[in-house]
Amino acid sequence: MGVRSAAKEMHERDHNSDSSSLVTSLMKSWRISSASSSKKPSLYKMNTTESTSLPSGYASSADRDRRTSDGNFEAMAKQQASTRRTSNSYSPLRYVNPTLSTASNESPRPALLLRQHHQRHHHHQQPRHSSSGSVGNNCSNSTEPNKKGDRYFKDLDEDWSAVIDDYNMPIPILTNGGFGTPVAPTRTLSRKSTSSSINSISNMGTSAVRNSSSSFTYPQLPQLQKEKTNDSKKTQLEIENERDVQELNSIIQRISKFDNILKDKTIINQQDLRQISWNGIPKIHRPVVWKLLIGYLPVNTKRQEGFLQRKRKEYRDSLKHTFSDQHSRDIPTWHQIEIDIPRTNPHIPLYQFKSVQNSLQRILYLWAIRHPASGYVQGINDLVTPFFETFLTEYLPPSQIDDVEIKDPSTYMVDEQITDLEADTFWCLTKLLEQITDNYIHGQPGILRQVKNLSQLVKRIDADLYNHFQNEHVEFIQFAFRWMNCLLMREFQMGTVIRMWDTYLSETSQEVTSSYSMSSNDIKPPVTPTEPRVASFVTPTKDFQSPTTALSNMTPNNAVEDSGKMRQSSLNEFHVFVCAAFLIKWSDQLMEMDFQETITFLQNPPTKDWTETDIEMLLSEAFIWQSLYKDATSHWL
């Protein structure tokens, strides 16, 4: 009990001393604030003298009161001084050791006093929860924790009061893997080492990265956007003008290439002409080149004029004989043509002129009369229009060629010129239909064979699309018949059709030339009947090979027959690959459609905005498929 009462008495005395110290601190701060600044040293000395004559307990209490009083006064004084410095001008400061503050009559900061007061208060309350033996130990060692706490808060206060005025420090950079260490700074901070800084040397790397993340000023990255060329500053009009200039230069180069082949030549190299025409023919050269590729105009330039006069005269004579009273008119054929002509290209003004309709009607009727095996079939009226429109540009100035579809030929052509135009169109149409006669004879077996070949080709190229058509019960004949009958003319605009025919006639010319070369090689010089005739039906030699079928040997009779079939199916064969490429182009969309949607889509495909570039891509894809499957007979089975 004695120990407990003694502890209680000590606690009450300390508590009373704390209370009295707070009151004394407030009173002294009031007296000091009212006193003059000149008496401050004497007051400090008097308090120091008095503290030495008092007992130890009272001395410690008085010392605490003095520190509290000095702290409050100096805190207010420093606050006013900092305000004046801020308002007047900025003055960089150096790091100052907090231990020297007592020498300059500066006491610790209020935060330190509050911390010490809290520690003292906590120190006197701790014996309630400890034994009597620990009370003595805590009392004897009460000054040591205060010193450690003072050092801790002094370091923090020192950091807060530091002002860095070294502007030559290198800027840290971010390197791969973390922050890079600055290279040997030219100046260092004038900060004195303390015990806390020495203890934190081991954690320097971690603290440097942590502190630098909040104070680093990263250098700006180079502005790559500003280094762009002047192309980005070009307007849309300038870009379009440059594109037009490039296209014009390309056209001029192509025209010069065709001039080198066609001009000032006695014999035109049809092989070179075919190769260069595959990629498109300039408009000013197209009428002559088409006549050469189709086989209507001879390659010997000296014979061309006489040949044209003879063929045009033959056409005039045929018209006179056909429409004379001596010849009875085929009323059903004439009536069918008369119905189909107004429905030919109704969206083009050229074919709505009466003069054009009369010319097309005469051409088609004369062809039907001269080819009774097939007669007139719907679809031939579409095939005649590319020739008619292309040959019509011969009678227009080069600057008006693009207006051919809106001008009435009767306004700039005489009757004789119109007849010559009809004659050239008639003979070229005849040359074209000779290659696809099977498409228009009874039963149209050529078209049925093409549709079958198309289905088998799509089965090899795109099996998923073929299976989808099978699941939806879509038959190729339901949409591909018109593709074969009109050569895709109703699926494209006339301008793109004419471009497509540049390639078609180039492909056709290759087989026709080969056939002609074969027949010319077989021609023997004329002999009299007295000379023995060389047997015609003999087994060919080992080195003999048909130009159109170089991979197999055959008799001359079979060679002629097969070459004729090859010549007639040449255009059909390439056209099948074009149709396959055209169908596969819409494969992704068709896979999502049912039967009705598929038929509707394929009967009216979205090709209204197609350009010559789109047609060239289609023809290139068709050529690739032909190169892969032309000699593979499995896909035709």
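These residue numbers are counts, starting from 1, taken along the chain as shown.
Cβ atoms are placed via backbone N, Cα and C, with glycine included.
The feature region 'Disordered', as given by Swiss-Prot for the ranges 301-322, 323-344, 543-564, sits at 543-564. Just one residue in S25, S29, S250, S256 has phosphoserine written against it in Swiss-Prot, and it is S250. Cross-referencing S17, S69, S232 with Swiss-Prot, the residue annotated as phosphoserine turns out to be S69. Each residue contributes its Cα atom, and for R343 (site 'Arginine finger') and Q378 (site 'Glutamin finger') those atoms are 11 Å apart. Cα of Q378 (site 'Glutamin finger') to Cα of S250 (phosphoserine): a span of 39 Å. When each of the recorded positions S250, Q378 is scored by how many other Cβ atoms sit within 10 Å of its Cβ, S250 comes out lowest. Using a 10 Å Cβ-Cβ cutoff, R343 (site 'Arginine finger') registers 11 neighbours.
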